[in-house]
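Reading through the structure tokens given below for one structure.
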There are 4 protein chains.
Amino acid sequence: MSEPITGIVGYPVTPFVPDDPSTVNVEVLHQLIDRMIDAGVDAIAPLGSTGESAYLDHDEWVMVATESIRNVAARVPTVVGVSDVTTAGAVERARVAESLGATALMATPVSYWPLTEEEVRVHFTAIAAAVTVPLMAYNNPATTGIDMSPEFLVRLVAAVPNITMVKESSGDIGRMRRLRELSEGSLPYFNGRNPLALQAFDAGAAGWCTAAACLVPHRVVAFHRAVVAGDAACATECFAQMEPLLELIVSRGLPTTVKSGLRSIGIDAGDPRRPLLPLGAAEAARLAGLIAACER
Amino acid sequence: MSEPITGIVGYPVTPFVPDDPSTVNVEVLHQLIDRMIDAGVDAIAPLGSTGESAYLDHDEWVMVATESIRNVAARVPTVVGVSDVTTAGAVERARVAESLGATALMATPVSYWPLTEEEVRVHFTAIAAAVTVPLMAYNNPATTGIDMSPEFLVRLVAAVPNITMVKESSGDIGRMRRLRELSEGSLPYFNGRNPLALQAFDAGAAGWCTAAACLVPHRVVAFHRAVVAGDAACATECFAQMEPLLELIVSRGLPTTVKSGLRSIGIDAGDPRRPLLPLGAAEAARLAGLIAACER
Amino acid sequence: MSEPITGIVGYPVTPFVPDDPSTVNVEVLHQLIDRMIDAGVDAIAPLGSTGESAYLDHDEWVMVATESIRNVAARVPTVVGVSDVTTAGAVERARVAESLGATALMATPVSYWPLTEEEVRVHFTAIAAAVTVPLMAYNNPATTGIDMSPEFLVRLVAAVPNITMVKESSGDIGRMRRLRELSEGSLPYFNGRNPLALQAFDAGAAGWCTAAACLVPHRVVAFHRAVVAGDAACATECFAQMEPLLELIVSRGLPTTVKSGLRSIGIDAGDPRRPLLPLGAAEAARLAGLIAACER
Amino acid sequence: MSEPITGIVGYPVTPFVPDDPSTVNVEVLHQLIDRMIDAGVDAIAPLGSTGESAYLDHDEWVMVATESIRNVAARVPTVVGVSDVTTAGAVERARVAESLGATALMATPVSYWPLTEEEVRVHFTAIAAAVTVPLMAYNNPATTGIDMSPEFLVRLVAAVPNITMVKESSGDIGRMRRLRELSEGSLPYFNGRNPLALQAFDAGAAGWCTAAACLVPHRVVAFHRAVVAGDAACATECFAQMEPLLELIVSRGLPTTVKSGLRSIGIDAGDPRRPLLPLGAAEAARLAGLIAACER
């Protein structure tokens with residue numbers, strides 16, 4: 001049994017070749033991962049929402065999973081997003097990710113048609129049953145249209161042995177307290193809503209899943225170290241410096257804002273894949289300024 | 001320039017082989033299409049939401065488009081759904097569908113990340129620019145998470161020559177009146193919200209896009225004929241007979257309910273693809289009863 | 001029933017974007033097709049051996065078929081190559097090509113494992129049965145490793161109604177005479193071995209399937225017109241001028257030589273897809289010279 | 001550095017579901033692998049010629065690679081076939097196979113168009129450069145149409161650090177002696193031509209790559225143990241008992257014969273994928289008899 005995952009889980013974007021968003025840029029993917037690990041993040045999570053996994057075809061998904069896990073090379077745990085619009089597809093991704101050496105998996109229910117709780121339950125159970133590594137159930141109603149309540153999530157974790165973590169991006173900090181209560185503190189939950197990171201740690205979150213680590217990895221790590229050290233003043237100050245940046249990146253889809261921000265610091269991860277459009281010039285300038293301010 | 005599309009647009013499900021939802025059942029697809037045309041529907045719309053197009057891979061999409069258009073064989077217009085999570089994918093589907101002989105296309109913005117109006121506009125413009133056949137812009141916020149206002153839709157239609165029709169499934173009948181006002185009656189709009197079909201025709205809808213035509217095609221056609229004939233009493237009575245059925249089929253995803261209903265009348269279109277689950281026994285029995293009642 | 005196909009059947013290469021052989025260049029594809037039709041070729045045959053169809057994935061195949069047929073736009077017949085390593089794949093391609101509006105189809109048996117005559121027969125029969133358009137059976141043992149004898153081909157044509165043409169690239173001119181004898185002159189056969197074009201017309205060939213039409217379309221058409229006019233002296237002289245070019249282009253794979261030659265006349269169709277390599281500088285220069293000489 | 005691979009390398013067929021050659025049968029794949037390992041084979045080589053890898057799409061390839069390596073679970077080395085018709089495809093497969101935990105890779109040049117030596121060299125160099133695990137260069141002119149001479153192979157091995165093994169299926173035992181001479185005994189070569197197994201060990205082969213291990217694994221292992229023990233009489237006798245079986249299985253493609261033979265011993269691995277046809281009844285009966293005779 002490996003160590004539990006805690007702390008900063010860094011989410012790389014999936015970089016595309018400049019002017020060609022049909023081709024993954026493997027070199028820049030490696031660069032992003034290295035940069036986050038060098039700064040001290042605790043885990044790397046490729047192929048999440050930030051990784052535009054919903055916009056990749058299966059071949060691309062396999063390629064990005066392969067390259068990410070190779071490049072992380074066990075320096076930290078790798079948590080691979082395996083969400084797919086069909087259960088069969090998510091199961092296949094889960095098996096491939098496990099075989100490639102993923103430490104853990106993450107999935108959120110994505111479906112064109114809304115799903116019943118029973119459909120979500122059967123979906124997650126099938127994914128988990130296909131592998132032995134731990135699976136993180138991810139709730140993000142703003143992108144998936146499906147909202148899993150704390151009650152549902154705790155029942156799911158109780159019923160399926162290797163669903164062992166929850167990621168909450170609903171934006172309701174009360175959900176975390178409810179997860180703690182319902183699980184009697186036994187269920188590790190991660191915050192996925194960037195502007196709530198400080199509150200989430202206060203509410204007992206085991207970690208912070210964040211694409212901000214692409215942009216300001218040292219700052220994100222420093223903040224978390226202050227939290228761990230119990231230095232509330234330092235954590236609060238550190239977080240306050242990042243907060244405008246965190247608000248801005250979630251004002252649009254994370255691939256759009258993070259790729260824009262990366263360009264401002266000299267890393268060309270290309271544009272997001274259409275229909276997603278690059279950030280406009282004014283917002284890009286504001287974002288660049290906030291990143292620069294954070295690094296001061 | 002071909003005749004404008006009006007009236008009943010029948011939406012086939014994409015049938016799968018019994019016990020094998022990984023394989024499309026082409027024979028049953030033909031059967032469903034023939035049955036609707038024989039009953040008198042005015043157009044066939046494969047690969048819509050009902051056709052589980054969001055759950056098909058590109059090869060399957062091409063195959064279902066090919067087989068549907070071949071089988072319709074120009075007996076009525078074919079309106080092919082070309083939605084895809086990427087703009088490049090939707091453009092490619094549009095070009096293929098046009099080349100296969102589609103009369104018109106239909107698209108709704110599907111995206112994991114929410115889209116800005118500008119992103120939706122660029123997306124639709126790219127699809128329309130790739131073809132010369134008419135394109136129907138489809139608003140269905142309950143499944144896509146993206147709500148296109150009447151104002152936006154009328155601007156879109158004004159700006160792009162071959163976006164010539166709108167389908168409204170938001171469930172707000174006021175939207176249709178607003179579309180009429182804003183376009184000064186020049187924009188044909190279709191109702192996609194089954195229980196609102198009668199109200200929609202009252203509000204000037206050019207047609208009704210419906211998967212109910214899979215289940216009770218004669219009844220749907222008879223209703224529309226009464227509408228066209230101006231026989232309000234007959235239309236109202238006919239609709240009243242269907243209404244409980246229409247409410248039930250939209251209480252869950254249409255692939256789930258329609259496939260269940262088809263089984264009750266001896267057409268095995270398989271189960272929907274997971275994560276979608278088949279209808280439970282109790283609801284299936286109720287649905288079967290409502291279908292039987294309609295056919296009396 | 002459409003007119004039988006005869007004369008010059010021009011084979012476009014599948015152009016790739018310069019420096020990116022993973023992306024089809026649709027614009028140059030259109031340019032190549034237009035150039036051949038403007039010069040007077042009698043038919044266009046996309047996705048043949050020359051079209052690198054063996055190196056395209058299914059999505060690319062559908063895209064090139066779609067774009068080719070759209071661009072030909074019925075100015076001349078389109079003969080679409082539907083070969084695939086599996087029978088199911090070739091059947092699917094045949095149905096798609098027919099639905100896209102192909103005039104006729106062409107297939108050659110490609111298989112990793114050698115095939116028995118029975119396996120070849122069942123393969124062709126399945127493809128033909130899936131469509132109603134005519135199918136040309138193509139024999140090219142040098143690339144496929146499978147040699148279909150005239151006896152086999154004539155039996156195949158007799159047994160399957162819509163296998164109505166044969167293309168012979170074995171390089172043995174006696175095969176054509178044998179096809180004529182065995183079919184008592186009723187079977188149209190096409191020459192696919194460029195340096196044998198003159199002899200083939202002498203031996204009764206209905207046409208010449210050639211990638212040389214990409215490079216010197218006017219010369220190829222002029223030669224054929226002399227043949228049709230019965231002007232043997234002119235045909236012989238015209239052919240003699242082309243012969244060194246024809247020998248050179250078949251000294252390596254046609255995608256390699258034709259793409260090199262196109263570059264020499266200002267059309268950048270990219271490089272062939274690896275493992276195929278571009279032509280070396282010395283051969284490229286020689287090829288350029290031979291093309292220039294032909295156009296004088 | 002791991003131990004060098006020697007001895008019996010067992011090649012599983014890729015089983016399909018009975019009556020549905022479009023679906024891989026993962027359970028029977030596991031069964032075949034377990035059976036060979038339990039009998040004592042020294043390595044497992046999925047996705048070779050026998051594994052119908054040329055007839056699988058990329059998703060299927062990834063799935064079979066994943067499942068094979070998971071199931072072998074490091075009990076013996078796994079040598080994964082990564083051949084693909086494009087260099088980019090073979091490189092991608094190589095990277096995925098390495099990441100999945102393959103001990104070594106195997107590739108043969110497959111191409112529709114014949115390749116020059118330089119094209120083959122560049123192809124192999126690209127595959128090898130993409131990974132760090134050893135690569136076995138496989139020569140099988142009867143299926144690929146490309147014959148790599150001992151001189152070429154020894155130069156290739158000398159030039160590329162991780163091309164460390166050769167598999168010879170040309171059927172010319174002199175090639176092995178030549179490989180030994182040219183490499184001064186430093187290059188391990190494997191026999192891939194079943195009926196030559198005894199001669200090949202006499203000629204210094206490091207191992208025997210064989211699909212016969214699917215059918216008569218104990219016999220194949222017993223033969224090899226006699227060879228290793230230097231018990232020539234026993235080896236000769238043991239081989240003589242297998243020889244008619246080995247001749248019969250190579251009289252047709254190995255997927256065809258091995259799947260037929262498996263059925264005779266109660267393992268339903270389905271039929272080969274078309275255009276390959278199942279073995280006829282008479283040959284199947286003869287094959288069943290030879291297998292039964294071997295097991296006595």
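Note that Cβ sites are derived from N, Cα and C of the backbone, with glycine treated the same way.
Worth saying up front: this structure is predicted, and the values here are computed from it rather than measured.
Now, the feature entries from TrEMBL:
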- D:T50: pyruvate binding site (BINDING)
- D:Y138: active site, proton donor/acceptor (ACT_SITE)
- D:K167: active site, schiff-base intermediate with substrate (ACT_SITE)
Surrounding CB atoms that lie within 10 Å of the CB of D:K167 (active site, schiff-base intermediate with substrate), all protein chains | 28
Under a criterion of Cβ-Cβ distance under 8 Å and sequence separation of at least 6, what residues of the same chain contact D:Y138 (active site, proton donor/acceptor)?
-> D:S83, D:M106, D:A107, D:T108, D:V166, D:K167, D:S169, D:G192
List, in sequence order, the same-chain residues at least six positions removed whose CB sits under 8 Å from that of D:T50 (pyruvate binding site)?
-> D:Y11, D:P12, D:V13, D:A211, D:C214, D:L254, D:P255, D:V258
According to DSSP, does the residue listed as 'active site, schiff-base intermediate with substrate' fall in a helix, a strand, or coil?
-> strand
For D:Y138 (active site, proton donor/acceptor), which DSSP three-state class applies?
-> strand
